[in-house]
């Protein structure tokens, strides 16, 4: 076992995971280095290669395994960790007594949407206490657009007896700035929802490491 890999673990136990640098967290995940490259050095090299933790996590299998020192085993483990994080955030929403934590919602949506290379339009369907009933990817599109049909959203909302909605879609370009069509689409969905006494609580636009909230800007 390498002494370098013990240091981050000891730091985590003493001060908490939040005190660790990204490369230290990755070193704990990797556990060991390779010949002539201790695990700390390896983790730093991995992050430089992929640019960030987000770049590492969003890499596909081929991209991930191209880096010497990490392979299919680490790829599988990382995908499992990422999926567990998504499900944890989903459970946080599902089991919350009331939907009062916009930060949890935003982190969940960023985790779900920002890695897509095509535009995906998702909807969170909430009950009358603003607890999550389900999340559904309603529409998928191209690199810069997705066709969205308010009628389909409302039909699904009525089917699952939702009282409120949170809308979200990603911008693969990386910018979270809403377009004119995003604004118009939101108004159309909100108008259709109001006819059925369903509230639209927010619309998140997810970019690369950034987001835009219609509710935060009082656009709803």
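A Cβ is built for glycine as well, from the same backbone N, Cα and C atoms used for every other residue.
Segment annotation: Swiss-Prot labels motif 'JAMM motif' over residues 169-182 (candidates 141-154, 155-168, 169-182).
When pLDDT values are averaged over the domain 'MPN' (98-220), the model yields 89. In sequence order, 119, 121, 170, 176, 178, 179, 205, 206 are the same-chain residues whose CB sits within 8 A of the CB centroid of 169, 171, 182, the residues recorded for Zn(2+) being left out. Around the Cβ of residue 169 (Zn(2+) binding site), 26 further Cβ atoms fall within 10 Å across all displayed protein chains.
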